[in-house]
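Annotated transmembrane segment per TrEMBL: 22-46, 53-70, 76-103, 115-135, 175-197, 221-245, 291-308, 314-336, 348-372, 378-400, in sequence order.
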């Protein structure tokens, strides 16, 4: 959460560091997303044939190196390349963390899965505070506008080719922000390597045998449906969190301070509900939590569409929507583990679905919102996604439970055939 969330509040400082404007450096997000996509695929393959702790430790080392190199990059192309490598390490880490939780706790891992995803939300919440409030900023407003005013001159000067690719940034707070996050991740990687040297072969064998016995008849169909489920869920979550500020200012007419508060309350209730879900998961089944989340998302997004210009309804519905979206992803993984095995490749498959939703849906909505500025396209997207996921989950549940019932009946009939008549009676 810290490593991913640190980019947003320091994006403008990175643009100044490489002498570019913000719009010309937007490819940095594409590079990170592309690296995350590739890292998820590679990690899904490697986690099926390598020790989990070793691979997680190596990926965290890669994340640490990427964080230390980012503030030293003085060329935009080099910064994008480093961000791509950094995204690949985070992709391996994201896939492997979910697989590791399932490998350690199996069906009893719902609270641990909720805690894992709460830690991500907490880190993303603390990253802006660390980057701007704790360390502050030393770059003046004039330095921020300098790249916008003189990019051609900088590129055409004969001394530009002599500029180093790596150098200490002028803004030392930028360096300390990335270095502090990198140091924290390095310390965590040391603990993972320490766990690697422990003997876990017995636990691994028992877990593997349990996963094989839980393989459902429609295993691939369930993975495909969960891929689509996460595609629309994550796409709607990122879309609303990214566009609610601009929607509130342009469509509702809110002041920027109010719109910023609306954006904060969405992510605040999101993080708070993920924290509470750790305790809820001890007494509620993952399927029950998904149903409650789907109902909350459907009702809140419907109220957002019906009362799109009512500020009070916007505040209340946004809070409910953020809380409803919080537990869906970890609950979906825990729910699927109850019915079928989730290997590294399987986890990478639905993580890729979430990654594609993160990239595709906000981009499409941005284009549509520009073409239809009078329509609340963002709210229509959230409502459509809530309807789709609410309809899709019963289908997934039917596929997951019916094969298990059939298998139990077949096992009972086979056992009865092998027993003598007296034992049957």
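Placed from the backbone N, Cα and C atoms, the Cβ positions cover glycine too.
Predicted automatically and left uncurated, TrEMBL annotations should be read as such.
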Spatial neighbours of the transmembrane segment (53-70) far in sequence, C-beta under 8 Å, 6+ residues away: 3, 6, 14, 39, 43, 46-47, 79, 82-83, 85-86, 88-90, 92-93, 96-97, 100, 166, 178-179, 181-183, 185-186, 188-190, 192-193, 195-196, 200
Other parts of the chain folded back onto the transmembrane segment (314-336), taken as Cβ under 8 Å at six or more residues beyond its ends: 98, 102, 109-110, 113-114, 116-117, 121, 222, 226, 229-230, 233-234, 236-237, 240, 244, 248, 252, 262, 265-274, 277, 280-281, 285-287, 289-290, 292-297, 299-301, 303-304, 307-308, 342, 347, 350, 354, 382, 389, 400
Chain residues outside the transmembrane segment (76-103) and at least six past its termini with a C-beta under 8 angstroms from it: 3-4, 7, 14, 18, 20, 24-25, 27-28, 31-44, 46-47, 52-53, 55-56, 59-60, 62-63, 66-67, 69-70, 109, 112-113, 116, 165-166, 204, 207, 333, 337, 342-344, 347-348, 351, 355
